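Written below as C-alpha cells is the structure these notes are about.
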C-alpha cells in the first residue's frame with residue numbers, strides 16, 4: 001500500500017544501512033505523514049435521536065464544572081477497587097464516578113459472577129435472540145457489582161489474520177454476522193432491566209442498568225507488534241494497518257456502524273496504527289468516520305496504555321484515557337490557554353462522557369461504582385452477588401448453541417444407552433484450581449491439564465464453577481448405569497476393547513498479547529490418531545479459541561464424529577452432554593472457514609512482521625481488500641474442509657419456495673440526503689427487498705435450522721452474507737422464513753462519491769444451509 005497512499009515527505013527520515021547498503025531504513029515517522037488524511041475539528045455531539053434528553057442534562061451539568069473537574073472526567077485514576085479503570089467522583093454535584101471493567105463475556109477478577117460463552121461461541125450460535133439474552137443477563141451482573149461500563153463487545157479483530165490471538169473475543173470473520181450480533185448485544189446490555197426480549201421477561205427493578213464499550217476501533221487484526229516496543233535499545237513502532245477506503249467501509253467499519261446504530265455509548269480505540277497514524281489519535285477514523293459519518297454521540301476511550309499523544313489526540317477525537325494519563329491533566333487547560341486546543345473541545349469531551357451516563361439512566365439508583373469489585377478477594381470484603389438464578393437457562397442454552405457438529409458418521413451421535421464409555425485427552429477435566437485471579441498471558445497452542453472454556457488475556461472471565469466434560473459424563477453415567485474409564489494424561493492410552501465410544505478432548509488456545517503459533521498441535525493430533533487406531537467409534541471434541549485444522553485425521557474411518565466446541569463458559573460439560581445424548585440437537589454453524597491446509601489461507605494466515613526498510617515501522621498491508629475468509633476462498637476457487645456457515649444436525653432440512661420481492665421504495669443509486677443519525681444516513685436502513693423461503697424439517701427429531709441468505713452484488717464478491725434467521729422446526733413440519741434487506745445491504749461503497757451506492761444490473765440471491773450449500777437461487781435487477 002506504500003505506493004498509492006500519497007506519501008508526503010518521501011525522502012524524510014530515510015537512512016542508508018551500512019550492513020545492507022541497498023536497503024534504505026526508515027527512521028522517522030515523518031516519512032508517512034499524510035497517509036491518513038487529517039479531519040478537523042472534532043465534531044461536537046449534538047444529542048441526535050434518542051440522545052436529546054441526555055445531552056440536555058449533560059450540558060447543564062458540564063456548565064457547572066470547573067476546568068479541573070472537566071479534565072478529571074477525561075482520564076482514569078487509581079482506586080481501592082478491583083475495577084479495570086475508574087473515573088473520579090464529583091461529590092458536590094452528586095456524580096459518583098465511573099467503574100469500567102472487563103470483559104465482553106463476563107466480569108473478570110471478582111467473585112459471585114458467571115463465566116459466559118465467549119464472542120466466538122455466541123457467533124457460532126447464529127442466534128440473534130440468544131445474543132440479546134446473553135448480553136442482558138451479563139449486563140445485570142455488571143450492574144449489581146457497580147460496574148458502569150462493560151468493556152465489550154468486541155468486533156475488532158474481525159478475523160482477517162487467521163492466527164490472530166484475539167479472534168475468539170469477536171463474533172465472526174464476516175462483518176454482517178458480526179454486525180447483526182453486536183447490534184443485539186449492545187441492545188441487550190444497555191436495555192437490561194428496561195425493555196423486553198423474546199423468551200425473557202426483564203425485571204422492572206433495574207433501570208437501564210449498564211453501558212457497553214465496543215472495541216477495538218478499528219483494523220486491529222494482530223497481536224504481533226500491536227504496541228511500540230524497544231528491542232536492544234532500538235525503538236519499534238506499532239504495526240500499521242494499511243486499509244483502503246472500500247475495505248474499511250465494507251469490512252472493518254461495518255459492525256461498528258451496527259453498534260453505533262444500536263446506541264452504543266462508548267467505543268474503545270485500538271493499539272495499532274491505521275494508515276500510519278495511531279488509532280487513538282487518528283483524526284480520519286475518530287473525527288471523520290466515527291463521529292461525523294456514523295454520527296456517534298458517545299465517547300472514545302483508549303485501550304489500556306494506548307495513548308501516544310497529548311493535545312493532538314484530544315483534537316483528533318479522543319475523549320477518555322485509561323487507566324491514567326501522563327499527557328493530559330493540566331496540559332489540557334494549558335493548551336486552551338495557549339490556543340492549541342479550543343475550550344469547546346474539552347467541553348465536548350466532558351459532555352459526551354456525562355451524556356452517556358445519563359443515556360443509560362445511571363444517575364438513578366445505580367450502585368456505588370465498584371461496590372462489588374474488591375481490590376483483593378482474599379481480603380475481607382462485602383459479598384455482592386452478581387449472578388442470578390434467572391440467568392441459568394440462557395447460560396446453558398448459550399453454551400449449547402455455540403457447538404458445531406462437523407462430522408457424524410455411522411450414527412455415532414447421539415449416544416444410544418452406552419454400556420461403557422472411555423474418555424481421553426487433557427481437555428476433559430477441570431483444572432487443579434479455580435480461584436479469582438487477574439489477567440494472564442500465556443503463549444501456547446494448547447492449555448494442558450484442564451478444559452478450555454475461555455481464552456486468555458483481558459477478555460477472560462471469572463467463573464462461579466466449571467462443570468468439565470469428564471465430570472458431566474460421569475454424572476450422566478451415574479444416572480444411566482454406564483461404566484466410564486478415563487486416561488486424560490497419556491498420549492497413547494490403552495483402550496478397553498468393549499468400549500462403545502471413545503470421547504477424545506483436545507483444545508486450541510489463544511490469548512491477547514500473542515498471535516497463535518499455528519492451527520494444529522502435533523501432540524493433540526497424535527492422541528486422536530492413537531485412540532482411533534484402537535477404537536472404531538472415536539468422537540472428538542475440540543474446545544477451540546479460533547480456527548483449528550483437522551486435515552490430518554478428519555477422514556480416519558474410526559473418527560466417527562467431530563464437534564467444534566469453541567468456548568462455552570462454565571457450563572461447558574453440561575452443554576456437551578446435552579448434545580452427546582440427544583436431549584439437545586446441534587444447531588451451531590461455523591462463523592469462519594476451516595481450510596484443508598494452512599497454506600490455503602495464503603497471506604492471511606500469519607501476522608505481518610517488521611521487515612526490510614520498514615523494520616522500525618512495521619506495515620500490514622490489507623492488499624486483499626474485501627477478500628478475506630470465505631470471500632477469498634470463493635474468489636480463488638479453493639475448496640475448504642468446512643465452509644463458512646456449515647454445521648450438521650441430528651435431523652435434516654429441505655428448502656423450497658423462494659420468493660424475491662422489491663419493496664416500493666426508491667432505488668436511486670445513492671440514498672437521499674438526511675441529517676445523520678446514530679449509524680449514519682438513516683435512509684441506509686430503508687427496506688428495499690424482501691426474500692422468503694419455505695424450510696421443512698424432513699427428519700424425525702425437532703431441530704433448529706439457520707437459514708442463510710447470500711447476495712451476489714454486481715461488481716462485488718461472488719457471494720456475501722446478507723441475512724440469516726434461526727428457526728425452530730418440529731419434526732415433519734415447515735416454516736416460512738422471511739429476510740428483510742436494506743439499502744445498505746444491497747450497496748457497495750463508492751470511494752469517489754464517498755457514499756453507499758446501489759449497483760445497476762442483476763443481483764443474485766442464494767438461500768440455503770451454508771455459504772456453499774445454497775439450493776435456492778433467484779435474481780432481481782436494479
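The backbone N, Cα and C atoms fix where each Cβ goes, and this holds for glycine too.
Taken from Swiss-Prot as is:
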SIGNAL    1-19  signal peptide
CARBOHYD  25  N-linked glycosylation site
CARBOHYD  46  N-linked glycosylation site
CARBOHYD  72  N-linked glycosylation site
CARBOHYD  275  N-linked glycosylation site
ACT_SITE  303  active site
CARBOHYD  331  N-linked glycosylation site
CARBOHYD  338  N-linked glycosylation site
CARBOHYD  443  N-linked glycosylation site
CARBOHYD  449  N-linked glycosylation site
CARBOHYD  536  N-linked glycosylation site
CARBOHYD  558  N-linked glycosylation site
CARBOHYD  654  N-linked glycosylation site
CARBOHYD  664  N-linked glycosylation site
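Feature map: Swiss-Prot annotations on the structure.
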residue: 25; record: N-linked glycosylation site; DSSP class: strand
residue: 72; record: N-linked glycosylation site; DSSP class: helix
residue: 275; record: N-linked glycosylation site; DSSP class: coil
residue: 303; record: active site; DSSP class: coil
residue: 338; record: N-linked glycosylation site; DSSP class: helix
residue: 443; record: N-linked glycosylation site; DSSP class: coil
residue: 536; record: N-linked glycosylation site; DSSP class: coil
residue: 558; record: N-linked glycosylation site; DSSP class: coil
residue: 654; record: N-linked glycosylation site; DSSP class: strand
residue: 664; record: N-linked glycosylation site; DSSP class: coil
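Here the Cβ of residue 338 (N-linked glycosylation site) has 9 other Cβ atoms within 10 Å, regardless of which shown protein chain they belong to.
Sorted by the number of other CB atoms within 10 A, the glycosylation sites 275, 443, 558, 664 start with 664, the lowest. The Cβ of residue 536 (N-linked glycosylation site) lies under 8 Å from the Cβ of 557, 558, 560, each of these being in the same chain and 6 or more residues away along the sequence.
Taking Cα separation as the measure, residue 664 (N-linked glycosylation site) is nearest to 46 of the glycosylation sites 25, 46, 275.
All protein chains included, residue 46 (N-linked glycosylation site) registers 13 other Cβ atoms within 10 Å of its own Cβ. Remark: of the glycosylation sites 72, 331, 654, the most isolated position is 654 (fewest other Cβ atoms within 10 Å of its Cβ).
Cβ neighbour count for residue 25 (N-linked glycosylation site): 17 (other Cβ atoms within 10 Å of its Cβ, all protein chains included).
Comparing CA positions across the glycosylation sites 25, 331, 338, 443, 449, the one lying closest to residue 72 (N-linked glycosylation site) turns out to be 331.
Sequence-distant neighbours of residue 449 (N-linked glycosylation site) (same chain, 6+ residues apart, CB-CB distance under 8 A): 426, 429, 431, 432.
The distance from the Cα of residue 46 (N-linked glycosylation site) to the Cα of the residue listed as 'active site' comes to 25 Å. Annotation note: residue 331 (N-linked glycosylation site) sits in a helical segment as assigned by DSSP. Comparing C-alpha positions, residue 443 (N-linked glycosylation site) sits nearest to 303 among the recorded positions 275, 303, 338. Counting every protein chain shown, the number of other Cβ atoms lying within 10 Å of the Cβ of residue 303 (active site) is 22.
Here the candidates are the glycosylation sites 275, 331, 338. The one whose C-alpha lies nearest to that of residue 25 (N-linked glycosylation site) is 275.
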